[in-house]
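Engineer: So that we are looking at the same thing, I have put the structure below in C-alpha coordinates.
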Amino acid sequence: MANKKIPRATAKRLPIYFRYLNVLKDANKQRVSSTELSEAVQVDSATIRRDFSYFGELGKRGYGYDVESLLKFFKGILHQDSLVSVALVGVGSLGSALLNFNFHQDTNLRISAAFDTKPEYANTVKSGIPIYPSEDMVKQLKEQQIDVVILTVPGIKAQHVADQLVEAGVKGILNFTPVRLSVPKNVQVQNIDLTNELQTLIYFIKNYTEDSIK
(Lines of atoms letter the chains of each structure in order from A and count residues from 1; the text may use other names and numbers.)
(Lines give C-alpha, C1' and ligand atoms only; values in the text may rest on other atoms or scores of the structure.)
Protein backbone atom coordinates (compact mmCIF):
# COMPACT_ATOMS: atom_id res chain seq x y z
CA MET A 1 0.00 0.00 0.00
CA ALA A 2 2.83 2.39 0.84
CA ASN A 3 4.21 2.21 -2.71
CA LYS A 4 0.84 2.53 -4.45
CA LYS A 5 0.57 5.73 -6.44
CA ILE A 6 -2.64 7.70 -6.14
CA PRO A 7 -3.84 10.63 -8.28
CA ARG A 8 -2.09 13.91 -7.52
CA ALA A 9 -5.45 15.60 -6.89
CA THR A 10 -6.16 13.05 -4.17
CA ALA A 11 -2.69 13.49 -2.68
CA LYS A 12 -3.26 17.24 -2.41
CA ARG A 13 -6.46 16.69 -0.44
CA LEU A 14 -4.94 14.32 2.14
CA PRO A 15 -3.46 17.10 4.33
CA ILE A 16 -6.86 18.84 4.30
CA TYR A 17 -8.53 15.72 5.64
CA PHE A 18 -5.75 15.21 8.18
CA ARG A 19 -6.03 18.74 9.55
CA TYR A 20 -9.79 18.50 10.03
CA LEU A 21 -9.48 15.10 11.70
CA ASN A 22 -7.18 16.75 14.22
CA VAL A 23 -9.90 19.33 14.86
CA LEU A 24 -12.39 16.51 15.49
CA LYS A 25 -9.99 14.76 17.84
CA ASP A 26 -9.47 17.96 19.83
CA ALA A 27 -13.27 18.22 20.09
CA ASN A 28 -13.40 14.63 21.42
CA LYS A 29 -15.49 13.48 18.47
CA GLN A 30 -15.22 9.73 17.93
CA ARG A 31 -16.66 9.28 14.46
CA VAL A 32 -17.51 11.29 11.35
CA SER A 33 -19.52 10.59 8.20
CA SER A 34 -18.39 11.45 4.68
CA THR A 35 -21.25 13.98 4.54
CA GLU A 36 -20.04 15.75 7.70
CA LEU A 37 -16.48 15.68 6.43
CA SER A 38 -17.65 17.03 3.08
CA GLU A 39 -19.37 20.03 4.65
CA ALA A 40 -16.33 20.84 6.78
CA VAL A 41 -13.61 20.62 4.11
CA GLN A 42 -15.78 21.66 1.14
CA VAL A 43 -15.07 18.55 -0.90
CA ASP A 44 -18.08 16.58 -2.13
CA SER A 45 -18.73 13.33 -0.27
CA ALA A 46 -18.40 11.17 -3.41
CA THR A 47 -14.89 12.52 -3.94
CA ILE A 48 -14.00 11.86 -0.31
CA ARG A 49 -15.21 8.26 -0.55
CA ARG A 50 -13.27 7.79 -3.78
CA ASP A 51 -10.12 9.30 -2.24
CA PHE A 52 -10.41 7.00 0.76
CA SER A 53 -11.09 3.96 -1.45
CA TYR A 54 -7.52 4.10 -2.79
CA PHE A 55 -6.40 2.94 0.66
CA GLY A 56 -8.90 0.13 1.16
CA GLU A 57 -11.76 -0.01 3.66
CA LEU A 58 -11.28 2.93 6.00
CA GLY A 59 -14.88 3.21 7.17
CA LYS A 60 -18.00 1.15 7.82
CA ARG A 61 -21.32 1.51 6.04
CA GLY A 62 -23.88 3.02 8.38
CA TYR A 63 -21.20 4.01 10.90
CA GLY A 64 -18.90 6.36 9.05
CA TYR A 65 -15.25 6.73 9.95
CA ASP A 66 -13.58 6.26 13.31
CA VAL A 67 -11.73 9.54 13.90
CA GLU A 68 -8.84 8.11 15.93
CA SER A 69 -8.21 5.23 13.50
CA LEU A 70 -8.43 7.49 10.46
CA LEU A 71 -6.14 10.05 12.05
CA LYS A 72 -3.57 7.38 12.84
CA PHE A 73 -3.77 6.07 9.27
CA PHE A 74 -3.27 9.48 7.65
CA LYS A 75 -0.51 10.32 10.09
CA GLY A 76 1.41 7.38 8.69
CA ILE A 77 0.54 8.10 5.05
CA LEU A 78 1.67 11.74 5.43
CA HIS A 79 4.84 10.75 7.33
CA GLN A 80 3.89 12.80 10.39
CA ASP A 81 5.68 10.46 12.80
CA SER A 82 9.10 12.10 12.48
CA LEU A 83 10.40 15.66 12.30
CA VAL A 84 11.15 16.96 8.80
CA SER A 85 13.78 19.67 8.50
CA VAL A 86 13.18 22.31 5.83
CA ALA A 87 15.49 25.06 4.58
CA LEU A 88 14.52 28.51 3.37
CA VAL A 89 16.44 30.36 0.66
CA GLY A 90 15.90 34.11 0.46
CA VAL A 91 15.40 36.05 3.70
CA GLY A 92 13.49 39.00 2.24
CA SER A 93 10.07 40.19 3.38
CA LEU A 94 8.27 36.94 2.54
CA GLY A 95 11.14 34.77 3.71
CA SER A 96 11.32 36.62 7.02
CA ALA A 97 7.58 36.17 7.55
CA LEU A 98 7.92 32.43 6.94
CA LEU A 99 10.81 32.23 9.40
CA ASN A 100 8.69 33.95 12.03
CA PHE A 101 5.81 31.58 11.33
CA ASN A 102 7.86 28.36 11.14
CA PHE A 103 4.68 26.26 11.17
CA HIS A 104 3.96 27.16 14.84
CA GLN A 105 4.20 23.57 16.09
CA ASP A 106 1.13 22.61 14.02
CA THR A 107 2.94 19.93 12.03
CA ASN A 108 6.10 17.87 11.99
CA LEU A 109 7.74 20.47 9.70
CA ARG A 110 10.42 22.84 10.95
CA ILE A 111 12.56 25.39 9.15
CA SER A 112 15.98 24.55 10.54
CA ALA A 113 18.26 26.60 8.26
CA ALA A 114 18.05 29.69 6.06
CA PHE A 115 20.31 31.15 3.38
CA ASP A 116 20.75 34.62 1.92
CA THR A 117 23.22 36.60 -0.19
CA LYS A 118 23.17 39.69 2.05
CA PRO A 119 26.45 39.93 4.01
CA GLU A 120 24.69 41.44 7.03
CA TYR A 121 22.56 38.29 7.39
CA ALA A 122 25.47 35.85 7.24
CA ASN A 123 25.98 33.78 10.39
CA THR A 124 23.14 35.45 12.27
CA VAL A 125 20.05 33.98 13.90
CA LYS A 126 16.48 35.07 13.12
CA SER A 127 13.46 33.69 14.96
CA GLY A 128 15.74 31.01 16.38
CA ILE A 129 16.87 29.87 12.92
CA PRO A 130 20.51 30.17 11.77
CA ILE A 131 21.09 32.09 8.54
CA TYR A 132 24.06 31.00 6.45
CA PRO A 133 25.75 32.81 3.56
CA SER A 134 24.57 31.59 0.16
CA GLU A 135 28.02 30.27 -0.73
CA ASP A 136 27.66 27.71 2.08
CA MET A 137 24.24 26.51 0.92
CA VAL A 138 25.17 23.35 -0.98
CA LYS A 139 27.55 22.24 1.77
CA GLN A 140 25.08 22.90 4.60
CA LEU A 141 22.16 21.22 2.84
CA LYS A 142 24.25 18.10 2.34
CA GLU A 143 25.64 18.09 5.88
CA GLN A 144 22.22 18.68 7.47
CA GLN A 145 20.59 16.19 5.08
CA ILE A 146 17.82 18.62 4.16
CA ASP A 147 15.67 17.39 1.28
CA VAL A 148 13.01 20.11 1.15
CA VAL A 149 13.55 23.81 0.46
CA ILE A 150 11.29 26.87 0.43
CA LEU A 151 12.43 29.23 -2.34
CA THR A 152 11.69 32.94 -1.86
CA VAL A 153 14.43 34.60 -3.91
CA PRO A 154 13.89 37.21 -6.66
CA GLY A 155 12.70 35.62 -9.91
CA ILE A 156 15.88 36.52 -11.77
CA LYS A 157 17.88 34.32 -9.37
CA ALA A 158 15.41 31.44 -9.11
CA GLN A 159 16.77 29.05 -11.75
CA HIS A 160 20.39 29.52 -10.67
CA VAL A 161 19.47 28.75 -7.07
CA ALA A 162 17.36 25.78 -8.18
CA ASP A 163 20.39 24.36 -10.01
CA GLN A 164 22.39 24.61 -6.78
CA LEU A 165 19.60 22.91 -4.84
CA VAL A 166 19.64 20.02 -7.30
CA GLU A 167 23.41 19.80 -6.85
CA ALA A 168 22.86 19.59 -3.08
CA GLY A 169 20.51 16.62 -3.51
CA VAL A 170 17.29 18.44 -2.65
CA LYS A 171 14.20 16.40 -3.54
CA GLY A 172 11.45 19.00 -3.17
CA ILE A 173 11.12 22.75 -3.74
CA LEU A 174 8.24 24.94 -2.60
CA ASN A 175 8.63 27.71 -5.15
CA PHE A 176 7.27 31.16 -4.27
CA THR A 177 8.90 32.82 -7.29
CA PRO A 178 7.02 33.53 -10.56
CA VAL A 179 9.57 31.47 -12.50
CA ARG A 180 8.73 27.92 -13.58
CA LEU A 181 11.84 26.00 -12.64
CA SER A 182 13.60 23.47 -14.83
CA VAL A 183 14.65 20.53 -12.64
CA PRO A 184 15.24 16.78 -13.10
CA LYS A 185 12.23 14.47 -12.95
CA ASN A 186 13.27 13.16 -9.55
CA VAL A 187 12.85 16.63 -8.00
CA GLN A 188 9.32 17.69 -7.08
CA VAL A 189 8.30 21.36 -7.36
CA GLN A 190 5.18 22.99 -5.95
CA ASN A 191 4.59 26.49 -7.35
CA ILE A 192 2.89 29.13 -5.22
CA ASP A 193 2.43 32.42 -7.06
CA LEU A 194 0.59 34.84 -4.77
CA THR A 195 -0.02 37.32 -7.59
CA ASN A 196 -1.66 34.65 -9.74
CA GLU A 197 -3.80 33.48 -6.83
CA LEU A 198 -5.01 37.00 -6.11
CA GLN A 199 -5.74 37.68 -9.79
CA THR A 200 -7.72 34.44 -9.96
CA LEU A 201 -9.63 35.36 -6.80
CA ILE A 202 -10.52 38.78 -8.21
CA TYR A 203 -11.69 37.18 -11.47
CA PHE A 204 -13.91 34.77 -9.52
CA ILE A 205 -15.37 37.66 -7.52
CA LYS A 206 -16.17 39.57 -10.70
CA ASN A 207 -17.54 36.63 -12.67
CA TYR A 208 -18.82 33.91 -10.35
CA THR A 209 -20.54 35.66 -7.45
CA GLU A 210 -24.33 36.06 -7.44
CA ASP A 211 -24.12 39.83 -7.92
CA SER A 212 -21.98 39.42 -11.05
CA ILE A 213 -24.24 36.81 -12.71
CA LYS A 214 -27.24 38.69 -14.03
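Placed from the backbone N, Cα and C atoms, the Cβ positions cover glycine too.
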Engineer: Taking 16-55, 136-175 as the choices, which stretch does Swiss-Prot tie to DNA-binding region?
Structural biologist: 16-55
Engineer: Tell me the Cβ contacts of Gly95 (NAD(+) binding site) under 8 Å, same chain only and six or more apart in sequence, or just say none.
Structural biologist: Leu88, Val89, Ala114, Asp116, Ile150, Thr152
Engineer: Other than its own, how many Cβ atoms are within 10 Å of the Cβ belonging to Gly90 (NAD(+) binding site)?
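Structural biologist: Taking all protein chains shown, Gly90 (NAD(+) binding site) has 26 Cβ neighbours within 10 Å.
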Engineer: How many helix, strand and coil residues does the DNA-binding region (16-55) contain under DSSP?
Structural biologist: 28 helix, 2 strand, 10 coil
